[in-house]
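*Asks:* Features from TrEMBL:
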- 28-38: compositional bias 'Basic and acidic residues' (COMPBIAS)
- 39-52: compositional bias 'Basic residues' (COMPBIAS)
- 278-294: compositional bias 'Acidic residues' (COMPBIAS)
- 312-324: compositional bias 'Basic and acidic residues' (COMPBIAS)
- 70-268: domain 'SAM-dependent MTase TRM10-type' (DOMAIN)
- 1-54: region 'Disordered' (REGION)
- 269-324: region 'Disordered' (REGION)
Amino acid sequence: MRESSTAAVGGNPQPPLSKNAAKRLRKKLEWENGLEGRRKQRKEKRQAQRIRKREDRASLIAQGIDPFANIPKRPTSTNVPLSLIFDCGFEEYMLDKELVSLGAQITRSYSENKNAVFRSHMWVSGWNGKLATRFRDVLEDKHQNWKGIEFLEGDFIECAVRARAKMQTKDIVYLSSDSPYTLDRLEPNTSYVIGGLVDKNREKGLCYKRARELGIRTARLPIGEYMVMQSRTVLATNHVVEIMLKWLEYENWGDAFLSVIPKRKGGQLRKQESAEGAVDETEELDEAQDDAGEASDTGAAEGEAIAPQAVVKEEENIVKSENL
């Protein structure tokens, strides 16, 4: 006999599900029931692709052609003394579909960093709950094989402490579009925290509030100084990562924004004279420590701008010192 949706649980009757809620529940159950079937299909597809590749290589070899001659070589990637930390401690504010989107953004960010000309150390904090469960069950723990990234259950400060052992981290900056301070440059030996929050702007100022409560410096990307946008300037997590990686490559925010920001957002580069006249916000970033609370030990960094050559040299010095 089918149970009523108003069946008592702990003595309290449950309200009947709305049509939309019942539809969402049905789709979720259908998805979960078809999980094993989809895994089997993916496995069969991979096997078929491997067989087809072997046959294609054998055909080329039979014709006297080197099957690997036209495969482009992966460009060399240099690890720089800079950390990117995803703060995933906002699960309670997100819907299930938004957690799925966040997982996809983390995956994309890892891929972009792995293939970047200058790649950073990567960390994921607050790694627990539904997001970790999805990576374990639905995505079959593939993230366990990722290199250059670590997942921790603790908060982003714990990640920064761990980063210190890898690259002599001296500062933490939490990126937030609500910050009054503009990020003028990326600094060596610094951990940049990116809020792992996908909520279509329902909850405003969460990342900024968290950083302020913990006495952490904040800064925002200089989108308004370099770009004219036709839509909101809040970017997906992976877009923030890509922009920072492109800055390391180009040493120019305008070029970094143009190469990453989706065309659907209608972003256009401001006139060159406006971009060149952008105010250096370094002193404002240094003052952010006082604004966040002088009790914090995360003093403002005062390094020179990270030119890729300087970053590489500093990383080499760190490696040499470790080998002594």
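Cβ atoms are placed via backbone N, Cα and C, with glycine included.
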*Asks:* Tell me the residue counts in helix, strand and coil for the compositional bias 'Basic residues' (39-52), as DSSP assigns them.
*Replies:* 14 helix, 0 strand, 0 coil
*Asks:* What residues in the same chain, six or more past the boundaries of the compositional bias 'Basic and acidic residues' (28-38), come closer than 8 Å to it by Cβ-Cβ distance?
*Replies:* 96, 138
*Asks:* When DSSP states are grouped into helix, strand and coil, how many residues of the compositional bias 'Basic and acidic residues' (28-38) land in each?
*Replies:* 10 helix, 0 strand, 1 coil
